[in-house]
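Pulled from Swiss-Prot:
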type	residues	note
REGION	11-32	region 'Involved in apical transport and lipid raft association'
TRANSMEM	15-35	transmembrane segment
REGION	32-86	region 'Hypervariable stalk region'
TOPO_DOM	36-470	topological domain 'Virion surface'
CARBOHYD	Asn39	N-linked glycosylation site
CARBOHYD	Asn46	N-linked glycosylation site
CARBOHYD	Asn54	N-linked glycosylation site
CARBOHYD	Asn84	N-linked glycosylation site
DISULFID	Cys90-Cys417	disulfide bond
BINDING	Arg116, Arg150, Glu275, Glu276, Arg291, Arg368	substrate binding site
DISULFID	Cys122-Cys127	disulfide bond
CARBOHYD	Asn144	N-linked glycosylation site
DISULFID	Cys182-Cys229	disulfide bond
DISULFID	Cys231-Cys236	disulfide bond
DISULFID	Cys277-Cys290	disulfide bond
DISULFID	Cys279-Cys288	disulfide bond
BINDING	Asp292, Gly296, Asp322	Ca(2+) binding site
CARBOHYD	Asn293	N-linked glycosylation site
DISULFID	Cys316-Cys335	disulfide bond
CARBOHYD	Asn398	N-linked glycosylation site
ACT_SITE	Tyr402	active site, nucleophile
DISULFID	Cys421-Cys446	disulfide bond
Amino acid sequence: MNPNQKIIAIGSASLGILILNVILHVVSIIVTVLVLNNNGTGLNCNGTIIREYNETVRVERITQWYNTNTIEYIERPSNEYYMNNTEPLCEAQGFAPFSKDNGIRIGSRGHVFVIREPFVSCSPLECRTFFLTQGSLLNDKHSNGTVKDRSPYRTLMSVKVGQSPNVYQARFESVAWSATACHDGKKWMTVGVTGPDNQAVAVVNYGGVPVDIINSWGRDILRTQESSCTCIKGDCYWVMTDGPANRQAKYRIFKAKDGRIIGQTDISFNGGHIEECSCYPNEGKVECVCRDNWTGTNRPILVISPDLSYTVGYLCAGIPTDTPRGEDSQFTGSCTSPLGNKGYGVKGFGFRQGNDVWAGRTISRTSRSGFEIIKIRNGWTQNSKDQIRKQVIIDNLNWSGYSGSFTLPVELTKKGCLVPCFWVEMIRGKPEDTTIWTSSSSIVMCGVDHKIASWSWHDGAILPFDIDKI
């Protein structure tokens, strides 16, 4: 075959292949169109992407096709049932770590809020950490002076438990410098207190919407729990204080359904002082362990029934659990009266276990450092000093702070009882550290069927930050 014949043969073969490719492409297009028409899907080739936004109560559904987006808004599915929460507390042999946010360590280089008063509360689907921000970030000039408790910049926000209080994952809840929050099985309810000291207002939000308010009745810093409120069969309960921190004040129990207040009652407690109660459900009632900021180094106990009747007194145990406090050996205990005459105090908690009690306290008797939880035999009902178990959570070389209680609902655990849990705040910055700010992180522990070794899950941030050196 001469060269010209070779060229003609190669050209003919190439032309044949080209024609075959064109035919195959045409057939492919025809088949694709026929299949799409038969399936009735039109030209929506891609799958559906669903995004949920924190600030809305709807779901955004985006259907993508080539360069065209079809956006459809649908109602967010809501839970159908209220949580029962009438189960007893589970017996705890020890407390295992549940989460630790390390917010201050992360905040040295991350966008983390300056906060105080963190607490945890759970829905049937998740637990969230709530906290009161100062409207500023760590390592920023606006963090200066955030040792102040009440300001117009403070807001209640939340993240999933274990996350740092960062700007990217936090959800706004309420304008507040004092707060509580809980889930009834259907929606979150928050109570946020804000405004001037002599005319503060508490706004009750339900499902993110303002539903009711409580005006200050004592005109002296209306305030609430700084920990989870308690919902039983759709009714939610919390405790508020209005009046002096260092003498007799006024105390009330509130009851709400779907965020609307349906009942309230004054607590008669002459000679006693109640603040910052840590409450939990137990056998159909609400049990609270509170703070006496007036005289007692023993903690007030409040038990609330669904009809808003109540019993009030003090933790009977012969071991004091407030700070500051005297020596254990010098304390006798009382079920009815404040003892110790130390004044001031710190938010704390306890759990009833039959007649026994698990009670948390700082290790230091005079400052908010270290933290331990102790089990006192018959300590709920008698002046017992029989300490049968102790677990250290933070050693006495490191700062602690507030602490409070919550429970894991049976919807989360699939148990027949409510798991007792607690959190411990670890305050850093002013007045103990050389900084311009005050903030905190937290460790969260939950009750288990086994003994857990003591350790120190302290904050661990290295201070001062760059902003403190300017």
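Each position is counted from 1, following the chain as shown.
Each residue, glycine too, has its Cβ placed from N, Cα and C.
Recorded residues Cys277 (disulfide bond) and Asn293 (N-linked glycosylation site) have their alpha carbons 12 Å apart, per Cα-Cα distance. Counting other C-beta atoms within 10 Å of each candidate's C-beta, the glycosylation sites Asn84, Asn144, Asn293, Asn398 are led by Asn293. The separation of Arg291 (substrate binding site) from Cys90 (disulfide bond), Cα to Cα, is 24 Å. For the topological domain 'Virion surface' (36-470), the predicted model reports an average pLDDT of 92. Cys335 (disulfide bond) has a Cβ environment of 15 other Cβ atoms inside 10 Å. Other residues of the chain with a Cβ within 8 Å of the Cβ centroid of Asp292, Gly296, Asp322, the Ca(2+) site, are His273, Arg291, Asn293, Trp294, Thr295, Thr297, Asn298, Arg299, Pro300, Tyr314, Pro320, Pro338, Gly340, Lys342, Gly345.
In this structure, of the binding-site residues Glu275, Glu276, Asp322, the smallest number of CB atoms within 10 A of the CB marks Glu275.
Looking only at the recorded positions Cys182, Glu275, Gly296, Cys316, Cys417, the one with its C-alpha closest to Asn144 (N-linked glycosylation site) is Glu275. Separation of the C-alpha atoms of Arg368 (substrate binding site) and Gly296 (Ca(2+) binding site): 17 Å, rounded to the nearest whole number. Sequence-distant contacts (6 or more apart, same chain, Cβ under 8 Å) of Cys316 (disulfide bond) comprise Gly333, Ser334, Cys335, Gly379, Trp380, Thr381, Gln382, Asn383, Ser384. For the recorded site, Cys182 (disulfide bond), the DSSP three-state label reads strand.
Annotation for Tyr402 (active site, nucleophile): spatial neighbours Glu117, Glu226, Glu276, Val346, Lys347, Gly348, Val424, Glu425, Ile427, criterion Cβ-Cβ under 8 Å with sequence separation of six or more. In sequence order, Phe95, Ala96, Phe98, Leu408, Val419, Pro420, Cys421 make up the list of same-chain residues 6 or more apart from Cys446 (disulfide bond) whose Cβ falls under 8 Å from its Cβ. The Cβ neighbour count for Arg368 (substrate binding site), using a 10 Å radius over every protein chain in view, is 19. Annotation note: Cys417 (disulfide bond) sits in a coil segment as assigned by DSSP.
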